[in-house]
């Protein structure tokens with residue numbers, strides 16, 4: 001640090017006892033150089049990550065995290081294909097079809113806070129490594145389930161493992177410079193959309209010949225790849241600092257500097273100078289006075305977001321079936337497997353996530369996180385209301401395309417905002433809690449999208465519209481806008 005020109009000049013002048021103090025003021029350049037190096041020779045992880053910038057390290061992490069996200073997407077997309085297939089194979093009822101979806105989300109809800117706690121206590125990498133192995137194992141076992149009850153049990157365990165996947169976004173966001181964070185986290189949704197499209201394309205090829213069990217087995221391939229690459233995942237430098245391991249954090253930051261071709265910062269790595277929370281990873285700390293309002297509102301937003309997103313995914317296949325069966329007498333077994341046209345229309349609506357992602361990137365940086373989420377919820381509510389005027393298949397596909405793009409971008413905007421607003425000591429726990437509450441909404445949505453929709457499309461769409469408008473109000477009421485804000489290491493005494 002003493003190599004800085006201004007600092008060195010000051011020392012030389014101070015150490016020269018023969019020279020009287022100069023009567024004229026210091027030049028401005030020397031003053032500025034002195035100010036920039038005097039404060040304690042320290043830096044924080046946030047300062048280091050911003051200084052080292054976005055480079056090859058973040059590109060590799062994007063691919064690792066994206067693969068995890070893609071595998072999760074495939075396991076979620078298969079739910080809309082699994083129910084009609086099992087209805088024809090095992091003659092299960094509509095309520096049992098809904099249960100196959102609900103049990104996955106129940107596992108996710110029960111495990112989300114568990115995985116968040118593991119991530120905050122033992123590290124993001126540890127939790128994701130366990131998740132990758134368990135998700136592949138239970139996903140493969142579910143493909144050979146001998147009956148409906150075994151399938152329910154194994155899909156519930158798949159859901160339990162999926163509950164850890166949001167921690168990959170936490171790990172990713174903690175390595176991103178402030179300026180690129182929102183853009184990169186939203187772009188991560190491209191992998192989700194890619195996984196959804198891949199699952200539909202795989203179903204189009206596999207289902208007519210090999211059936212649903214082979215589809216379940218082949219869908220685990222990305223999970224196997226992710227489980228294999230987990231040892232190469234970096235651990236969060238923010239986690240190491242928060243857990244009292246600054247040496248390991250420095251090693252990670254040096255790795256970033258090496259991969260990005262940037263000089264490493266000189267000085268001592270410290271935690272932000274603010275008030276800590278005490279023990280890490282405690283769910284009750286999400287409701288301390290500084291965080292209570294934010295946490296409660298985010299839980300409403302996440303619950304509504306998952307309720308609407310997965311509801312739309314499930315409604316898509318149901319509406320296509322209803323449209324195809326219009327004017328026809330249903331057979332006694334009421335079994336109609338998805339046809340090639342259904343898969344193609346499902347693929348088109350899934351592709352809507354890509355323009356939704358890029359539109360969100362532009363809006364979220366220009367208008368901020370709160371306004372973006374609120375406006376997207378309102379537009380989604382309008383789109384869902386329009387579904388009751390289902391005049392033809394082209395109109396239906398177009399509205400579903402628009403609604404899918406909006407809600408996909410909205411979900412990712414929530415993933416941007418949540419890690420930004422919480423401190424490092426609680427970040428994984430907060431994301432896990434939000435994800436767990438979201439699964440509560442996802443558990444309920446099959447009974448609206450698959451059961452209530454069959455009785456009244458008007459009531460079903462009204463439920464989704466009301467949920468979206470309530471969430472829009474919650475977005476507006478959030479106490480802080482995180483656009484351009486640094487990720488905090490701890491909670492300050494005065495608040496967020």
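Cβ coordinates come from backbone N, Cα and C, glycine included.
Annotation source TrEMBL lists domain 'Major facilitator superfamily (MFS) profile' at 61-483.
Under the heading region 'Disordered', TrEMBL lists 1-25.
According to TrEMBL, the transmembrane segment annotation covers 95-115 (among others).
According to TrEMBL, the feature transmembrane segment maps to 127-146 (among others).
Beyond the transmembrane segment (152-173), the same-chain residues lying 6 or more positions past its ends with a Cβ under 8 Å from any Cβ of the stretch are 61-62, 65, 68-69, 71-72, 75-76, 99-100, 103-112, 114-116, 118-119, 124-125, 127-128, 130-131, 134-135, 138-139, 141-142, 145, 181, 184-185, 188, 233, 236, 415-416, 419-420, 427-428, 431-432, 434-436, 439, 487. Annotation comment: TrEMBL describes 152-173 (among others) as transmembrane segment.
According to TrEMBL, the feature transmembrane segment maps to 185-206 (among others).
Per TrEMBL, transmembrane segment is recorded for 212-233 (among others).
Residues annotated as transmembrane segment in TrEMBL: 296-315 (among others). The list of residues near the transmembrane segment (296-315) in space but at least 6 beyond its ends in sequence, with Cβ under 8 angstroms from a Cβ of it, reads 76-77, 79-80, 83, 101, 105, 287, 373, 377, 380, 384, 387, 400, 403-404, 407-408, 410-411, 414, 417-418, 421, 430, 433-435, 437-442, 444-446, 448-450, 453, 460, 464, 467-468, 470-471, 474-475, 477-478.
Proximity of distant same-chain residues to the transmembrane segment (346-364), defined by a Cβ-Cβ separation under 8 Å and at least 6 residues beyond the stretch ends, is recorded for 77, 80, 182-183, 186-187, 189-190, 192-193, 196-197, 200-201, 204, 316-317, 320, 338, 372, 375-376, 397, 400-402, 404-410, 412-413, 416, 483. According to TrEMBL, the transmembrane segment annotation covers 346-364 (among others).
Taken from TrEMBL, the feature transmembrane segment covers 373-389 (among others).
Per TrEMBL, the feature transmembrane segment maps to 395-417 (among others).
If you look up TrEMBL, you'll see 429-449 (among others) marked as transmembrane segment.
Among residues of the same chain six or more beyond the transmembrane segment (461-480), those with a C-beta under 8 A of the stretch's C-beta atoms are 293-294, 297-298, 300-301, 303-305, 307-308, 311-312, 370-371, 373-375, 377-378, 380-382, 384-385, 387-388, 417, 421, 441, 448, 452, 496. The annotation transmembrane segment is assigned in TrEMBL to 461-480 (among others).
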Exercise for the section: Six or more residues out from either end of the transmembrane segment (373-389), which same-chain residues have a Cβ under 8 Å from its Cβ atoms? Expected result: 301, 304, 308, 312, 315, 319, 360, 363, 367, 395-396, 399-400, 402-403, 406-407, 409-410, 413-414, 417, 457-458, 461-462, 464-466, 468-469, 471-473, 475-476
